[in-house]
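Swiss-Prot annotations:
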BINDING   His59, His61, Asp150, Asp303  Zn(2+) 1 binding site
BINDING   His61, Phe62, Arg63, Asn93, Asn276, His307  substrate binding site
BINDING   Asp150, His177, His230  Zn(2+) 2 binding site
ACT_SITE  Asp303  active site
Amino acid sequence: MLLIKNGRVMDPKSGLDQVCDVLVQDGKIIKIAPEITEEGAETIDATGHVVAPGLVDIHVHFREPGQTHKEDIHTGALAAAAGGFTTVVMMANTSPTISDVETLQAVLQSAAKEKINVKTVATITKNFNGKNLTDFKALLEAGAVGFSDDGIPLESSKIVKEAMEEAKKLNTFISLHEEDPGLNGVLGFNENIAREHFHICGATGVAEYAMMARDVMIAYATKAHVHIQHLSKEESVKVVEFAQGLGAEVTAEVAPQHFSKTEALLLTQGSNAKMNPPLRLESDRRAVIEGLKSGVITVIATDHAPHHVDEKNVEDITKAPSGMTGLETSLSLGLTYLVEAGELSLMELLEKMTYNPAKLYNFEAGYLAENGPADITIFDAKADRLVDSHFASKAANSPFIGETLKGQVKYTICKGQIVYQA
C-alpha cells in the first residue's frame, strides 16, 4: 500500500482541487479523502505539492528499432517518468517503420518491459511510401492505438481521403504532420530568420496551413476524425477553428516549444533549436496560446525527438537533424510560459496534459478517482529549476539547457509503483 498525504489533489476530469490524501493498492486508487490513516503503508508527504494524474504524451519518438544510438524504448520510458509522464504514444518513423504486424509486435514486446505505459501508432502508408495504405484492421488488432506518418507529410490527397475513410470504418483516426514539401525550403528554419540571417529559403507558414486546410476539409467531407500534430502558425489555429465551426471532427496539439519560444532561439541555441515545424514568430506563439485558451487546441504533446550529440553538432546547421528532446522539460515549460505567465490556470494546463490526450485515444488514464488507475505525478509547481544537460534520455538536444524554469517533478507513480523519485 502507498499513502500520499497532504497534497493538493487536482483532477481535471471531476474538477477536484483540494488538499487531501490518496491511498493506493494493487495498481488502483482505493481511496481519496481529507484524512486517511493506514497502518504499515508506505507514505509520501506531499505537503505543498500538487498531486495530479500521471501526464500523458501522445507524440514521442523512441527510435526503436533502428536508431537506438539516439534513444531506445527503455531510455525513452525513463525520460518520460522523469518528466512526470506515465503514458506515452510512440511515433512509427523507426527503421524499419512500424508498418506491419511483425514489426509492431516486436516493438510492443519491448514496450511491455517498461514500468510506464508505452503505446505506439503504426504508419498510415507502407514504409512511409505515401502511396499504399497499411492494413489498418490487422495493425489495430495487433495493438496499434492509431495511425501516423509523422515526420513525412502525406502529399496525395487521394491517400489522405482513403486513410480517413478506412480509419472511420474502424472507429479510429489518423494524425497528420502538415508541411507541404512543394511549398517549403530548408526545414527547421522559419522563413523569416532563414531569409534574414541564414540567407536560405526556409520552412514557410503556407506549407503548414495550406496542407492543413486541405486535410481538415477532407475530414469534413468524409466525416472522419483527423488529429493535427504540432501546429505552429497563427493561420493554422484559424484553419482548425474554421473546420471545427463547420462541424468537422478535427483535434489539434501544440508542442511546448511552440508556445514558449520563437525563431530567435536559433541564434543562441543553434541546431538544438532546429525542429519541424520550426519555431515561428511571436505572433504565432501568441496565437497557439490563444488556441489553447479557447479550446481550439486541446492537447499539449512534446514531439520528443532525441538525436545524438554528434549529429546535432555539425558545422553546417542546415545538415543537422531537426528535433529536440522534450519529455523532461514539458511540464516546466507549461508551468512557466502558461501558468506563471497568467495564460492558463494550473487545472487547464493539467487537462491538456492528462485528461484530454487520454480521452483522444480512450485510454484508461489522465484522471484521479477511486477505483481508477494509480498513475500519479507529484510535483512542486513553484520550485525554480535550472535545466542542465543531465537527462534520463540518451539525448541532451534541448534548447532549454541553462534556462531556469518553474516546476520540479518529485515522484512519478505508475500502476501503483514509484517509477521516478527526484
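Every residue gets a Cβ built from N, Cα and C, even glycine.
From a predicted model like this one, the values you see are computed outputs, not experimental measurements.
Taking the mean position of the Cβ atoms of Asp150, His177, His230 as the Zn(2+) 2 site, the remaining residues of that chain whose Cβ falls within 8 Å of it are His59, Met91, Ser148, Gly151, Ser175, Leu176, Glu178, Gln229, Asn276, Asp303. In the three-state DSSP scheme, His59 (Zn(2+) 1 binding site) falls into the strand class. Among the binding-site residues His59, His61, Asp150, His177, His230, the ones whose Cα is located within 10 Å of the Cα of Asn93 (substrate binding site) are His61, Asp150. Geometry remark: Phe62 (substrate binding site) versus His177 (Zn(2+) 2 binding site), CA distance 17 Å. Comparing C-alpha positions, His307 (substrate binding site) sits nearest to His61 among the binding-site residues His59, His61, Asp150, His177, His230.
When the alpha carbons of Asn276 (substrate binding site) and Asp150 (Zn(2+) 1 binding site) are compared, the span between them is 10 angstrom. Checking each of the binding-site residues Arg63, His177, His230 against Asp150 (Zn(2+) 1 binding site) by C-alpha distance, the shortest gap belongs to His177. Note: the CA-CA distance between Asp303 (Zn(2+) 1 binding site) and His230 (Zn(2+) 2 binding site) rounds to 7 Å. For His59 (Zn(2+) 1 binding site) paired with His230 (Zn(2+) 2 binding site), the C-alpha to C-alpha distance reads 9 Å.
Counting in whole angstrom, His61 (Zn(2+) 1 binding site) lies 14 from His230 (Zn(2+) 2 binding site) by their C-alpha atoms.
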